[in-house]
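Swiss-Prot annotations:
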BINDING   ARG118, ASN156, TRP321, GLU361, LYS362, PHE363, HIS364  substrate binding site
BINDING   CYS122, CYS162, CYS164, CYS167  Zn(2+) binding site
ACT_SITE  GLU157  active site, proton donor
ACT_SITE  GLU313  active site, nucleophile
Amino acid sequence: MAKHAPIFPNVQGFLHGGDYNPDQWLAYPDVLEQDVQLMREAKWNVVSLGIFSWVSLEPEEGLFTFEWLDEAIERLTHAGVRILLATPSGARPAWLSAKYPEVLRVGPDGRRNRHGGRHNHCYTSPIYREKVRIINRKLAERYAHHPGVIGWHVSNEYGGECHCPLCQEAFREWLKRKYKTLDALNHAWWTPFWSHTYTDWSQIESPMPHGETSIHGLNLDWKRFVTDQTVDFCRHEIEPLKQVNPNLPVTTNFMGTYPGLNYWRFRDVLDVISWDSYPRWHAHETLVPEAVHTAMVHDLNRSILKKPFLLMESTPSVTNWQAVSKQKRPGVHVLVSLQAVAHGADSVQYFQWRKSRGSYEKFHGAVVDHVGHANTRVFRDVQAVGEMLERLAPMAGAEVKADAAVIFDWENRWALEDAKGPRNIGMHYEETVVNHYAALWRMGVPMDVIDEEQPLDGYKLVVAPMLYMVRPGVAERMKAFVERGGSLVLTYWSGIVDENDLVFLGGFPGPLRELAGVWAEEIDALYDGERVPVRVADGNPLGLAGHYEARELCEVVHLEGAEPIAVYGADYYEGMPAATVHRVGKGKVYYVAARLEDAFLRDFFARVAAEAGVARAIERELPDGVSAMVRSGDGVEYVMLMNFTPEAREVALDEAEYKPLYGEAPTDGAVRLPAYGVSVLERPARNG
């Protein structure tokens, strides 16, 4: 398997750097000179430059002052530091708000915002779009062919929504294109409920707390519109950049699993995916809960374009906006940086280079503290990451080959979380996906994280927790996948509604019923603290043994061709299936009918993955809290072992021939990882 081409032409190895804001320090020329030398010491080779610099670039309408940016780019380029040049739309100048108040966002309460904050602008506003086009064009004409500029960092952390008259009209036009007629819209939204039928397009407004929120189809389409409008704004930003230099890659930085935007919709406008990672490290006894969730989001971002991504932001130490600003313990910064690389990142980048003297983020972590020199623990941690990335440079571009995929779907999440019932104190969609992902993560199984519309070719195992919404074509793709020999895991509360959030008629799980071989008659919601015992079925096909517990949600299902794996041990559904398997063609469909404890998921997925022939990073059991990942390319595989606990762990290796590259080396067929320790090993590719 060949490696991917470099993300940025003529840039080999990993990128190491982060946000750099020289415009905050123009009155301190000695600081700007020190920055370059300190970057060399920190082993930085890239900066994101100019992210919030609009007023420094255009202090008055039509007056452009690029001289400070010219100097910064020349100084960085001379030092060998490459530049991801930002477009500054994330925070507009006060003169723009004052002269053109229509660019200011209107909140869901119907009130127009004042100037302030950031991303407080309307994506629909023609004036704002024109002003963004002008500044982006100016930047492109001046810098798009500069040898030090390797790509565009478009805006920053898109998010939010606007309810102004311009957006209301744009939403209505979006709906007209989608539904063509009001009759079609009224049927799709089921508006006769509570006499909410629309008789004129002008009656439709965005969901607002003091207005309409009870039509779930409206709520769902509004979220789709907000995503489409944001993607269109992003495309509008990119156009003048690509007109000047079509070969310069573009990206924008995502925010984890931010609920406001469906990030899959950006895949057609971006050349590379990047995201900002800020877990609450040390919030639990071990780092494992945060490590699992972070790993899943890394995999999601890699899966969007199926190639390496950029870790655009992380903190070398702390944030200042979380409830507790907990410092990373010694060794943790290298550990979590390697985790990003292990899951497919070709960069480790930070916010921010130097701590600001004032305003909102003056206490946010940075490489250079207010003390202003390199003699700090955090600076040394950053140096250590730079040294690691230099040693691992041949790994850049290597593939993460996944036999398994877990479905995390934004539209499914929107609909599921908007539904009233069966458990309004928490359906926990994202947590449920993470729990299923975690069972495979603990086994060292590389995974893609995809939405429900992605092709399933090439996978051996697909896990689809709580697939409440099943859009057209999804059931058919799943059936074809299973018939070819794939293993599919479905759960309770799946196949409930269609793409319009209309309930399927004829029995659940709707279009997945025949495939699953079960009929879900009803679902029982439990109060917090309630538990229902579950026991394995005698002679069950997976060979499971023992007893487990279910919590929160228990479906009452009837077998329609499936075989029981486990059954309920109490309540009115005692003896009925709690987990099943249905053989379809050459494959199998598993249906987990209750929210079962982690112990069940571990035992269940260990057997399901083995039967499906899913490859693991190493073919050995991993100690608790240790993660194993593998990247491959050009005939070799890079295995990364990471200990997310504060105690030492010993990892037994399989029979492959391992060569140490970084961290702990193998001894007598095992690697001993200290607390928060890592090991990177090279072995010949399993398949040549």
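Any Cβ shown, glycine's included, is placed from N, Cα and C.
Keep in mind the model is a prediction, meaning the values are calculated, not measured.
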Alpha-carbon distance [CYS167 (Zn(2+) binding site); LYS362 (substrate binding site)] in Å: 35
Rounded inter-Cα distance in Å - HIS364 (substrate binding site), GLU313 (active site, nucleophile): 12
Spatial separation of CYS164 (Zn(2+) binding site) from ASN156 (substrate binding site) - C-alpha basis, Å: 22
Rounded inter-Cα distance in Å - CYS164 (Zn(2+) binding site), GLU313 (active site, nucleophile): 32
Spatially closest candidate among CYS122, CYS162, CYS167, GLU313, the listed recorded positions, to GLU361 (substrate binding site) (Cα to Cα): GLU313
Binding-site residues listed as ARG118, LYS362, HIS364, least Cβ neighbours within 10 Å: LYS362
PHE363 (substrate binding site) to the residue listed as 'active site, nucleophile' - Cα separation in whole Å: 16
Residues ARG118, ASN156, TRP321, GLU361, LYS362, PHE363, HIS364 [recorded substrate binders]: greatest CA to CA distance in Å: 20
Reduced DSSP assignment, CYS162 (Zn(2+) binding site): coil
Among TRP321, PHE363, which are binding-site residues, the residue with the most C-beta atoms within 10 angstroms of its C-beta: PHE363
Which same-chain residues, if any, lie at least 6 apart from GLU157 (active site, proton donor) yet have Cβ under 8 Å of it: GLY90, HIS119, ASN253, PHE254, MET255, ASP276
CB contacts for the residue listed as 'active site, nucleophile' [other CB atoms within 10 A, all chains]: 21
Other CB atoms, at most 10 A from the CB of ASN156 (substrate binding site): 25
Cβ within 8 Å of the mean position of the Cβ atoms of CYS122, CYS162, CYS164, CYS167: remaining residues of the chain near Zn(2+): ARG105, VAL106, TYR123, THR124, SER125, GLU161, HIS163, PRO165, LEU166, GLN168
